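Asker: Got a structure here, written out as C-alpha cells. Questions coming.
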Amino acid sequence: MLLIFRYHRSNQTTVFLWPIRAYTNYYYPGNLAIHRFNQFTLSILSLQQISKNYGAIQALNAVSFDVPNGSVFGILGPNGSGKTTLLGIVTDVLKANSGSFTLFDQPAAATQRRQIGTLLETPNFYHYLSAYDNLTISASIKGHGENDIERVLKVVGLWERKDAKFKTYSLGMKQRLAIGAALLGNPEVLVLDEPTNGLDPVGIAEVRTLIRDLAKGGKTIIMASHLLDEVERVCTHVAILRKGTLLLSGAVNEVIQREEIFELGAASIEMLRRTLEQHPGFISFAGSNEGDTVQAIFKSDVNPATINHFCAEKGIWLNHLQSRKKSLETAFLELTNDTRN
Amino acid sequence: MFFQIMHTEWLKVKKYRTFWVLLGLFVVFAISINYFTILLMKMVKEKSNNLFSPLLYDYPQVWQSVAFTFSYISLLLGLLVIILISNEYTFRTHRQNVIDGWSRQTFMLSKLFWVVLLSIGATVLCLITGIIFAAIFGERGFSTENIQFLGVYFLQCLMSLTLAMLIAVLVKRSGLSIVLYLAYLFLENIAQLILTKNDIRLGRLLPLEAADRLLGYPFVEKLMPDTQAYSPWLYVIMLVIYILAVNYFVGRRLLRTDF
C-alpha cells in the first residue's frame, strides 16, 4: 500500500488507474515486459487506428476499439471483411501498415501472446506428429509443462485418439485439436477465429457450450465469426466490420437497437392497425401485412402484456399475439446493407 | 530462451523419420566417401608403380583430407535445413509458433540454431572420422598441425547451410527449394569455371568457391598450384561477410513480412 501511495503521490496528474498498475508492477518488479494478466487489467486488447492493405486492397481501414476484461467480444462481418486480418495483426503473424495496439495495457509482445489461447483460421500442426506430440510443442513454446495436455484433449474429446498422427485426423478433429491447443494452460483470454469451422452439428453444439461455459467462468473471449447466431447468445460486446471499416463497436445492447417485432391478429385488421399506431412505443409496420395478421415494430422496452392491455382498453380483442425479437442477424444485415447503400 | 528453442526444436524432430534418415545418410556417406578415397589412393599408388603415393590419411595431412571429402556431402545437410524450414511453411506452423508466443526473432533463431548445430555436428564428425581413419590407415602419430582445416570446414558448412536457409525462407516450398539449391551449387561452379578460364580472379570469391579455395585440393594442389590464389584471410573475411549478410537479410525478411 505504501508503494502504491508513493507512486500515486509522485504522479499527481495520473488518473485513478495508475495506483492499480503500480500494484501490478510491484508484484513483478524489474520484469515489466512479462506483464502477467490479472484482475486489475482493464483492457485486454486496445486497437488504435490499425490499417492494413494487400497491394491496392484495403483490408483494414483505421480500426480502433477496446476489448474490456471479462467480455465476450464478437468481431462480426461478412466474408472478406477483415476479421482474420485483424486477429492476424494482433497475433503478430501479419504486420499492420499503420496503427498500434496494446495487450493487457502493455505494448504488444510475444510474452503476452503466451497468456492468450489462440485459434486463428485453420489448425496448424505438424502432420507427422500425433495430437499429443503436437501439443507438447505448443506447451513448450508457451513455457508450460505437459501436465495440462491430458485435460485439454479430454475437453475436446480427442484423448482416445491422442496417439494418432495429425494427418489421419478428419477436418472436425483437426479443429477440435486446435481448440484444445488454445485451451492449453487454461488462459484467461481466448482468441477464436471461426471456432466451429468444419465441425459437425454435434461438434458445433459442443463448442458453443464450451464457449458459453468459459465465458461464465469469467474468461475474456474474442471471437470472430460470420455466423451470427453463434455469437448472439454469448456476446456481451461486438465490433462489426465491413470491407475493412469498423461500422460500430461497444456493448451489444448499447450499439444495436434490438427492436421488438410483434405479430398480431384481431377480428378487424383495419381497426387493429389504427389502434396500434396510437401506441407510444409503436415504430412502424413490417412485412406485407396482408391476410389476417399484422406485423408491427415496437421499441425494445415494449412487452406483449402492455400491448394486449393497450388493445383491450381500446376495445380490440386480440386473437393472435406473438413476439419476435429482432435477431442480431437481422440487425447486422440491416447495418451492413445500409452502409452498402 | 536458448534452452526453450532447443527443447522445442527437439520435440519437432525427435519423431520425424525423414530427419533421422537424412542424418543417417550423411554419416554413412561421410564414412564411405573417405573409405572410397582410400581405395582410390591405393589404386593410384599401384597403377603408378609407387611413383605417386599420396599419404592423405597421415597426420598432419588427414585434417585437410577429411575436411575436403566432407565438403562434398555438406549439401545433404543443406537439404535437411531446407526440409526443416519449408515444413514450417507447408504446415503453417511458422504462424502457429508465433501465435503460441514466440517472437519472430525467436523463430529466426530456431532456424539459425539448426544451421549452427548441424555445422558443429558435421565438424565434430569430421574430427572423429579424421582420428579414426588416421589411426587405421595412417602411419604417423597424432598431430594437431593443419587442424585449422576443421575450422575451414565449419565455415564451409555454415556458408552452404546459410544459403539453404535463405532459399527455403524465400521459396517456402521444399521441392522447389531443393531444386534451386542444387541449381545454385551447379551454376556457381559453372560461373567460377568461366571466370577462371578468362583469367578473372574474382570467381574465387563467390560464396561456395571461396570456401572450396580455402579448403584447397589435397595432393592435386601440390601438382597444380593455384597461381592466382588470394590470401586465405581474404577468403575467410569474404565467407564471414557472406554468412552475416545472408543472415541479416533472412532476419529482416522474417521480421518484416507477413507470415
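Glycine is no exception: its Cβ is also placed from the backbone N, Cα and C atoms.
This is the feature table in TrEMBL:
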TRANSMEM  B:20-41  transmembrane segment
TRANSMEM  B:61-85  transmembrane segment
TRANSMEM  B:112-137  transmembrane segment
TRANSMEM  B:149-171  transmembrane segment
TRANSMEM  B:178-195  transmembrane segment
TRANSMEM  B:232-250  transmembrane segment
Asker: Run the contact check on the transmembrane segment (B:20-41) against the transmembrane segment (B:112-137): 3 or more C-beta pairs under 8 Å, excluding pairs closer than 6 in sequence.
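Answerer: Contact criterion met.
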Asker: For the transmembrane segment (B:149-171), which partner among B:61-85, B:112-137, B:232-250 gives the most CB pairs under 8 Å?
Answerer: B:61-85
Asker: Do any residues of this chain, six or more beyond the ends of the transmembrane segment (B:112-137), have a C-beta under 8 angstroms from a C-beta of it, and if so which?
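Answerer: Sequence-remote neighbours of the transmembrane segment (B:112-137) are 5-6, 9, 26-27, 30-31, 34, 38, 57-59, 62-63, 65-67, 70, 74, 77, 80-81, 84, 150, 153-154, 157-158, 161-162, 164-165, 247.
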